[in-house]
Amino acid sequence: MSGCLAANAWICPEYVSSRAQELTDATVQHVWITVVSVLVGLAVAFPLALLVRARPAFAGPVLGLTTVLYAVPSLAMFSLLLPLFGLSAALVVTGLVLYSLTILVRNILAGLAAVPEETREAARGMGYGPGRLLWEVELPLALPAVLAGVRMATVSTVALTTVGALVDYGGLGTLITSGLKSFFKAQVLTASVLCVLLAVTADALLLALQRLLTPWTRAARARGSAPRRSTSPGSASPGLTSSGSRARRGAAARDSVGKAG
Amino acid sequence: MGVVADAWTWLATGANWQGEAGVWHRLGEHLWFSGVSLVLSCLIALPAAFWLGHVGKGGALAVNVSNVGRAVPTLAVLVLLTLTPLGRQGGVPTIVALVLFAVPPLLTNTYLGMREVDRSVVEAARGMGMSGGQLFRTVELPLALPLVMTGLRLAAVQVIATATLAAMAGEGGLGRIITAGFHTYDTAQVFAGALLVGALALLVEGVLAAAGRALAGHGRKRTET
């Protein structure tokens, strides 16, 4: 015990090497909570988006409810779910899933709405049924918007997972809050930096996946025809540029507001 | 439903509103943090975004700042700041963390609002010989205002919701009612705390929405005359 650990320095390689196992465990927990939350979020958001599209009467309640859920403070959300789940990872995952729904449902809907009507007509004319139309035509075309939503949801989920420290399932957040209690500066800084790195890495990986899955958008951009901002890094949703309608702009504005972590 | 009734009982109990840990004191702290942070965020974000939008540069910057902002965990920033000498000044870590949190959405929404102003209108105004300042005051600002107000409203609601995290870093605010209830397994108090934060967020959203409508109406009248 010497040097930076004894001095309680902010930056301490000794801490990283001596507590490597603890840091790895926290990072792994952080990653799996994030991955499970986003995947479950997608699994819930897809049927919801399809339901809203098939029955527009559901649009108000579904979008309204997910928006209200998004406004619930994360601290309150996790506390309120406690009686249902107890101190468990399921509690954190459920809260994160509920938050991701706002972003995911809106982006899936925006992506599907952006599919040109002529494309649909052409596919129907070629004898595509509704199911095949959805899977083979609409979803691939909606993919850039859907993946943009997944990226946003993932990045904010990584940040939000830290609040799970309240019930000891916060991944790196647990190290951050326990570091606060013991005034352990190196632990707080290292865990915080790892958390940001995790978000940036996840974003980069998803961007690579998006490029891989939608090669046609790159070709279109290279030709210089119709550079769609919806596929460029960072823009919130296709609604930003493709249409100036008030409702879309409202949705885009909502999406560009982050959720606290 | 038992929890809701219990929470109501908790809220109806006068003793819970008095004193250092009472609702009034925590509400005051909450409003102080949120208000100061929001004003500071506006002072930082709005001039920058107006300028960038006016000259039509920095779109990538405005969007990327927002994305980076999303990746930074507010809880981590709060705890980090609490451990620095700033942490000894009560409330400063919370305010700094909330400003960092609110600037990106304000910047992005304002910039987008400025850029979504119809280019042909801007060109026409320039053709009429308007100077940059006139163009900004009489054309761009009124047209961008609805989206700017939307950004402000959303930022305000998110700041109020996020300010609860201050409690996890040992600071004040309504979050303390939630964490105190959490540590004593008092679900009614947790629920009551969440209700208070939710009600405050909705109230502020309503006030800002009304202000936005009033401003928009004012702008319309001015252009009609």
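Glycine is treated like the rest: Cβ placed from N, Cα and C.
Here the structure is a predicted model, which means the values were calculated and not measured.
If you look up TrEMBL, you'll see A:220-245 marked as compositional bias 'Low complexity'.
Annotation source TrEMBL lists domain 'ABC transmembrane type-1' at A:27-206.
Taken from TrEMBL, the feature region 'Disordered' applies to A:220-261.
The transmembrane segment annotation in TrEMBL covers A:31-51 (among others). Taking Cβ pairs closer than 8 Å, the transmembrane segment (A:31-51) reaches residues 58, 62, 66, 89, 92-93, 96-97, 100-101, 104-105, 108-109, 112, 134, 150, 153-154, 157-158, 161, 164, 169, 171, 198, 202 in its own chain, all 6 or more past its ends.
Tertiary neighbourhood of the transmembrane segment (A:58-78): same-chain residues 48, 51-52, 91-92, 95, 98-99, 101-102, 105-106, 160, 163-164, 166-167, 254, 259-261, selected by CB-CB distance under 8 Å and a gap of 6+ residues from either end. TrEMBL lists A:58-78 (among others) with the feature transmembrane segment.
Under the heading transmembrane segment, TrEMBL lists A:84-105 (among others).
The feature transmembrane segment is assigned by TrEMBL to A:141-167 (among others).
Among the features that TrEMBL reports, transmembrane segment is placed at A:187-209 (among others). The list of residues near the transmembrane segment (A:187-209) in space but at least 6 beyond its ends in sequence, with Cβ under 8 angstroms from a Cβ of it, reads 10-12, 15-16, 19, 23, 26-27, 30-31, 34, 147, 150-151, 154-155, 158-159, 162, 171-173, 175-176, 178-180, 233.
Listed as Cβ neighbours of the transmembrane segment (A:141-167) (distance under 8 Å, sequence separation of 6 or more from its ends, same chain) are residues 30, 33-34, 37-38, 41-42, 74-75, 78-79, 82, 87-88, 91-92, 95-96, 99-100, 103-104, 106-108, 110-112, 114-115, 119, 173-174, 176-178, 195, 198-199, 202-203, 206-207, 209-210, 213-214, 217, 228, 230-231, 235-238, 255, 258-261.
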